[in-house]
């Protein structure tokens, strides 16, 4: 009897291990799916086994000069939710060198209307689940996760140090920060950190009704920071929690979040690889398919003191020299016309000189042929008409036969 109980307990323990294994790997069953081997260098070879062939084709089409430089870039993504998770997915598939993920939330079944996460990952932290999935998609990408709230005083300093020293080269800052958070407090924390360390970053968001979104490229001192023109909630110091009621949540569409994430990653790639035009602000209205673009200038009276410092530094930079093109003169290149050449408009009426006028030629030239002068008197042509003949037709016929 005791032996049978021991066998049952062993079977139960084995089943528990099998159930826990997918959770420990972020929902990826390692015994059924094996990740590919790492690739040391990107190749443009067009074969089915090359995951980078279609990306490297951008070089052949003269879109990007050196696509492999993306492996030298480090990007920090704050917020791994509806927009942030898709953003991380896209950058991973593009072969980014390093991703640093920040989030303190967990995956819930309520998140399944969005992209990326799967139901078997419910209960895991978002950064843990994302890291497991992203590593399986592209093991060449270095992924670093931070499971904490960046808005607290202690964690803000940790966040500041990470983005300042978390680049591909040890001790160097990240190349770009992407804000994919859903609250103003976190946006203000990212804004303060990037202003303090003078880091370029993208702010992004989707409206509560899920039918509009936007991205904004913020360059400290050059464009408006998030505190230069804050939303009403931030400007009035209203506690955002008071606006939320129990049983009420924001709407969410995977389409709007996917479009916003696509805009975000597209402009991030253009900035990192230096091709195309990076949009300072790009919006999206799903109801009318409207895409507004604009540039927001910094506020000289911004409440963020570091923003004021960056504005002064930007204004002190030497302005780029603009070479003005010389105006094309409409005066004739040569004042003298030695050969007597004249230009006549195509639509001008043709004017033939009268026979008595001699054509004008240059000095030292003479005409090879001169037309003879015509007499002013016109000859009259004499037209001789036969007199009327009264001979009949029969007589004429008889005369012709006798000839």
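Start at 1 and count along the chain as shown; that gives each residue its number.
Using N, Cα and C of the backbone, Cβ positions are placed for all residues, glycine too.
Pulled from Swiss-Prot, these are the features on record:
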type     : residues               : note
ACT_SITE : 249                    : active site, glycyl thioester intermediate
BINDING  : 82, 103, 126, 149, 183 : ATP binding site
BINDING  : 225, 228, 302, 307     : Zn(2+) binding site
REGION   : 371-403                : region 'Disordered'
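When the recorded positions 103, 126, 183, 249 are ranked by how far their Cα is from the Cα of residue 302 (Zn(2+) binding site), 183 comes first.
Residues 82, 103, 126, 149, 183, recorded as binding ATP, reach a greatest CA to CA spacing of 17 Å. The recorded positions recorded for this entry are 82, 103, 126, 183, 249, and the Cα of 183 lies nearest to that of residue 307 (Zn(2+) binding site).
Around the Cβ of residue 249 (active site, glycyl thioester intermediate), a 10 Å sphere holds 9 further Cβ atoms from the protein chains shown. Take the Cα of residue 225 (Zn(2+) binding site) and measure to each of the recorded positions 103, 126, 183, 249: the nearest one is 183. Looking at residue 228 (Zn(2+) binding site) and residue 82 (ATP binding site), their Cα atoms lie 26 Å from each other. For residue 103 (ATP binding site), the same-chain residues 6+ apart in sequence whose C-beta sits under 8 angstroms from its C-beta are 78, 79, 80, 81, 84, 125, 126, 127, 147.
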